[in-house]
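Trainee: Dropping a structure here in C-alpha coordinates format, bear with me for questions.
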Amino acid sequence: MAIGLVGKKCGMTRVFTETGASIPVTVVEVDANRITQIKTNDTDGYQAIQITTGERRDSRVTAAQKGHFAKAGVKAGRGVWEFRVTEEELEGREAGSEIAADLFEAGQLVDVTGQSKGKGFQGGVKRHNFSMQDATHGNSVSHRVLGSTGQNQSPGKVFKGKKMPGQMGNKRVTVQGLEVVSVDAEKGLLVIKGAIPGANGGDVIVRPSIKA
(Lines of atoms letter the chains of each structure in order from A and count residues from 1; the text may use other names and numbers.)
(Lines give C-alpha, C1' and ligand atoms only; values in the text may rest on other atoms or scores of the structure.)
Protein backbone atom coordinates (compact mmCIF):
# COMPACT_ATOMS: atom_id res chain seq x y z
CA MET A 1 0.00 0.00 0.00
CA ALA A 2 1.00 3.64 -0.26
CA ILE A 3 0.05 7.06 1.03
CA GLY A 4 -2.87 8.63 -0.81
CA LEU A 5 -5.14 11.64 -0.54
CA VAL A 6 -8.80 12.22 0.26
CA GLY A 7 -10.48 14.81 -1.93
CA LYS A 8 -13.86 15.96 -3.17
CA LYS A 9 -15.14 15.28 -6.68
CA CYS A 10 -15.91 18.62 -8.34
CA GLY A 11 -17.17 17.38 -11.71
CA MET A 12 -16.05 16.67 -15.25
CA THR A 13 -14.76 18.91 -18.02
CA ARG A 14 -12.25 18.58 -20.82
CA VAL A 15 -8.76 19.79 -21.63
CA PHE A 16 -6.91 19.99 -24.91
CA THR A 17 -3.48 18.63 -25.76
CA GLU A 18 -0.90 20.54 -27.78
CA THR A 19 -2.13 18.72 -30.89
CA GLY A 20 -5.72 19.78 -30.24
CA ALA A 21 -7.04 16.44 -28.99
CA SER A 22 -9.87 16.70 -26.44
CA ILE A 23 -9.38 14.73 -23.22
CA PRO A 24 -12.29 14.16 -20.79
CA VAL A 25 -11.12 14.83 -17.23
CA THR A 26 -12.46 14.87 -13.69
CA VAL A 27 -11.43 17.63 -11.29
CA VAL A 28 -10.77 16.61 -7.68
CA GLU A 29 -10.42 19.29 -4.99
CA VAL A 30 -7.91 18.32 -2.31
CA ASP A 31 -7.94 20.33 0.91
CA ALA A 32 -4.97 19.77 3.18
CA ASN A 33 -5.00 16.21 4.51
CA ARG A 34 -4.04 16.56 8.18
CA ILE A 35 -2.33 13.61 9.85
CA THR A 36 -4.21 12.70 13.03
CA GLN A 37 -2.30 9.57 14.05
CA ILE A 38 0.72 7.48 13.11
CA LYS A 39 0.07 3.78 13.70
CA THR A 40 3.00 1.41 14.13
CA ASN A 41 3.53 -2.31 14.56
CA ASP A 42 4.55 -1.80 18.19
CA THR A 43 1.46 0.13 19.28
CA ASP A 44 -1.25 -1.02 16.87
CA GLY A 45 -0.05 -4.21 15.22
CA TYR A 46 0.16 -2.62 11.78
CA GLN A 47 1.62 0.46 10.10
CA ALA A 48 -0.65 3.18 8.82
CA ILE A 49 -1.17 6.92 8.56
CA GLN A 50 -4.56 8.22 9.70
CA ILE A 51 -5.71 11.51 8.17
CA THR A 52 -8.65 13.88 8.22
CA THR A 53 -9.71 16.66 5.88
CA GLY A 54 -12.32 19.40 5.66
CA GLU A 55 -14.15 20.79 8.67
CA ARG A 56 -17.01 19.76 10.93
CA ARG A 57 -19.13 21.91 13.23
CA ASP A 58 -18.10 21.66 16.85
CA SER A 59 -21.59 20.48 17.83
CA ARG A 60 -21.17 17.51 15.48
CA VAL A 61 -17.91 16.31 17.06
CA THR A 62 -18.11 13.84 19.96
CA ALA A 63 -16.00 14.26 23.08
CA ALA A 64 -13.86 11.27 22.11
CA GLN A 65 -13.25 12.72 18.64
CA LYS A 66 -12.38 16.12 20.11
CA GLY A 67 -9.75 14.50 22.31
CA HIS A 68 -8.35 12.51 19.39
CA PHE A 69 -8.00 15.56 17.15
CA ALA A 70 -6.67 17.73 20.00
CA LYS A 71 -3.96 15.18 20.76
CA ALA A 72 -2.72 15.54 17.17
CA GLY A 73 -3.13 19.31 17.26
CA VAL A 74 -5.43 19.46 14.23
CA LYS A 75 -8.91 20.78 13.50
CA ALA A 76 -11.78 18.30 13.51
CA GLY A 77 -12.48 17.07 9.99
CA ARG A 78 -15.45 15.49 8.26
CA GLY A 79 -14.10 11.97 8.82
CA VAL A 80 -10.95 9.91 9.26
CA TRP A 81 -9.24 7.67 6.73
CA GLU A 82 -6.22 5.37 6.90
CA PHE A 83 -3.49 4.42 4.45
CA ARG A 84 -1.37 1.34 5.12
CA VAL A 85 2.30 2.26 4.66
CA THR A 86 5.81 0.84 4.87
CA GLU A 87 8.51 2.01 7.28
CA GLU A 88 10.15 4.03 4.51
CA GLU A 89 6.90 5.91 3.84
CA LEU A 90 6.56 6.74 7.54
CA GLU A 91 9.85 8.63 7.58
CA GLY A 92 9.34 12.36 8.01
CA ARG A 93 5.63 11.98 8.76
CA GLU A 94 4.23 12.98 12.14
CA ALA A 95 0.86 13.75 13.67
CA GLY A 96 -0.20 17.33 12.98
CA SER A 97 1.62 17.65 9.65
CA GLU A 98 -0.19 17.93 6.32
CA ILE A 99 -0.22 16.13 2.98
CA ALA A 100 -1.16 18.21 -0.06
CA ALA A 101 -2.04 17.72 -3.73
CA ASP A 102 1.63 17.86 -4.74
CA LEU A 103 1.92 14.28 -3.45
CA PHE A 104 1.09 13.37 -7.06
CA GLU A 105 2.59 14.60 -10.33
CA ALA A 106 1.40 14.90 -13.93
CA GLY A 107 1.63 11.64 -15.85
CA GLN A 108 1.36 9.46 -12.75
CA LEU A 109 -1.17 6.61 -12.70
CA VAL A 110 -3.61 6.49 -9.79
CA ASP A 111 -6.48 4.39 -8.43
CA VAL A 112 -9.59 6.33 -7.37
CA THR A 113 -12.14 4.98 -4.88
CA GLY A 114 -15.58 6.46 -4.28
CA GLN A 115 -19.20 5.65 -3.46
CA SER A 116 -21.08 5.05 -6.72
CA LYS A 117 -24.37 6.80 -7.43
CA GLY A 118 -27.35 4.88 -6.04
CA LYS A 119 -29.94 3.85 -8.65
CA GLY A 120 -32.40 2.14 -6.33
CA PHE A 121 -34.12 -1.17 -7.13
CA GLN A 122 -33.50 -2.00 -10.80
CA GLY A 123 -34.33 -4.90 -13.10
CA GLY A 124 -31.98 -7.29 -14.84
CA VAL A 125 -31.87 -5.34 -18.11
CA LYS A 126 -30.56 -2.16 -16.49
CA ARG A 127 -28.64 -3.72 -13.60
CA HIS A 128 -26.87 -6.57 -15.43
CA ASN A 129 -27.25 -5.62 -19.11
CA PHE A 130 -29.54 -8.60 -19.84
CA SER A 131 -31.13 -8.88 -23.29
CA MET A 132 -34.83 -8.14 -23.58
CA GLN A 133 -37.31 -10.78 -24.69
CA ASP A 134 -39.39 -10.51 -27.88
CA ALA A 135 -41.50 -7.39 -28.22
CA THR A 136 -44.25 -9.32 -30.08
CA HIS A 137 -44.79 -12.88 -31.42
CA GLY A 138 -46.94 -13.95 -28.51
CA ASN A 139 -44.87 -12.37 -25.73
CA SER A 140 -47.03 -10.50 -23.26
CA VAL A 141 -46.02 -8.62 -20.10
CA SER A 142 -42.61 -10.37 -20.08
CA HIS A 143 -40.54 -8.09 -22.29
CA ARG A 144 -38.03 -7.21 -19.57
CA VAL A 145 -38.38 -10.35 -17.44
CA LEU A 146 -35.28 -12.46 -16.69
CA GLY A 147 -36.63 -15.78 -17.93
CA SER A 148 -35.41 -19.04 -16.41
CA THR A 149 -33.29 -18.77 -13.26
CA GLY A 150 -32.18 -22.39 -13.04
CA GLN A 151 -32.53 -25.96 -14.30
CA ASN A 152 -35.07 -28.57 -13.12
CA GLN A 153 -35.46 -31.09 -10.28
CA SER A 154 -31.68 -31.38 -10.24
CA PRO A 155 -30.29 -29.24 -8.64
CA GLY A 156 -33.77 -28.07 -7.64
CA LYS A 157 -32.64 -24.66 -6.46
CA VAL A 158 -31.40 -21.28 -7.64
CA PHE A 159 -27.66 -20.93 -7.16
CA LYS A 160 -26.34 -18.21 -4.88
CA GLY A 161 -25.04 -15.21 -6.77
CA LYS A 162 -27.54 -15.54 -9.64
CA LYS A 163 -27.91 -12.17 -11.32
CA MET A 164 -31.36 -10.84 -10.52
CA PRO A 165 -33.16 -7.53 -9.99
CA GLY A 166 -32.12 -5.67 -6.86
CA GLN A 167 -30.35 -2.65 -5.41
CA MET A 168 -28.09 -1.00 -7.99
CA GLY A 169 -25.28 1.40 -7.18
CA ASN A 170 -24.45 3.02 -3.83
CA LYS A 171 -21.41 0.76 -3.47
CA ARG A 172 -17.72 1.36 -2.88
CA VAL A 173 -16.09 1.30 -6.33
CA THR A 174 -12.45 1.63 -7.37
CA VAL A 175 -11.34 2.63 -10.87
CA GLN A 176 -7.73 1.67 -11.54
CA GLY A 177 -5.00 3.04 -13.76
CA LEU A 178 -6.23 6.61 -14.33
CA GLU A 179 -3.68 9.19 -15.45
CA VAL A 180 -3.08 12.45 -13.61
CA VAL A 181 -3.21 15.11 -16.33
CA SER A 182 -2.14 18.04 -14.16
CA VAL A 183 -1.69 19.14 -10.55
CA ASP A 184 -2.39 22.64 -9.20
CA ALA A 185 -0.78 22.59 -5.75
CA GLU A 186 -1.72 26.21 -4.95
CA LYS A 187 -5.44 25.68 -5.57
CA GLY A 188 -5.35 22.07 -4.35
CA LEU A 189 -6.67 20.56 -7.58
CA LEU A 190 -6.00 17.22 -9.25
CA VAL A 191 -7.07 16.85 -12.88
CA ILE A 192 -7.53 13.14 -13.65
CA LYS A 193 -8.18 11.64 -17.07
CA GLY A 194 -11.53 9.85 -17.39
CA ALA A 195 -14.47 9.34 -15.04
CA ILE A 196 -14.35 8.47 -11.35
CA PRO A 197 -17.08 6.96 -9.13
CA GLY A 198 -19.68 8.97 -7.26
CA ALA A 199 -21.67 12.16 -7.45
CA ASN A 200 -20.22 15.66 -7.55
CA GLY A 201 -19.30 16.74 -4.02
CA GLY A 202 -18.64 13.19 -2.85
CA ASP A 203 -15.46 12.08 -1.09
CA VAL A 204 -12.95 10.16 -3.18
CA ILE A 205 -9.70 8.44 -2.22
CA VAL A 206 -6.78 8.84 -4.64
CA ARG A 207 -3.87 6.40 -4.33
CA PRO A 208 -0.83 5.58 -6.48
CA SER A 209 -1.87 2.84 -8.90
CA ILE A 210 -1.29 -0.65 -7.50
CA LYS A 211 -0.62 -1.94 -11.03
CA ALA A 212 1.73 0.82 -12.16
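Glycine is treated like the rest: Cβ placed from N, Cα and C.
Features from Swiss-Prot:
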| type | residues | note |
| --- | --- | --- |
| REGION | 147-166 | region 'Disordered' |
| MOD_RES | Gln153 | N5-methylglutamine |
Trainee: Is it possible to get the count of other C-beta atoms within 10 angstroms of the C-beta of Gln153 (N5-methylglutamine)?
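Mentor: Summing over all protein chains shown, Gln153 (N5-methylglutamine) has 5 other Cβ atoms within 10 Å.
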Trainee: What is the number of residues in the region 'Disordered' (147-166) that are helix, strand and coil, as DSSP sees it?
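Mentor: Each residue of the region 'Disordered' (147-166) counted once, the result is 0 helix, 3 strand, 17 coil.
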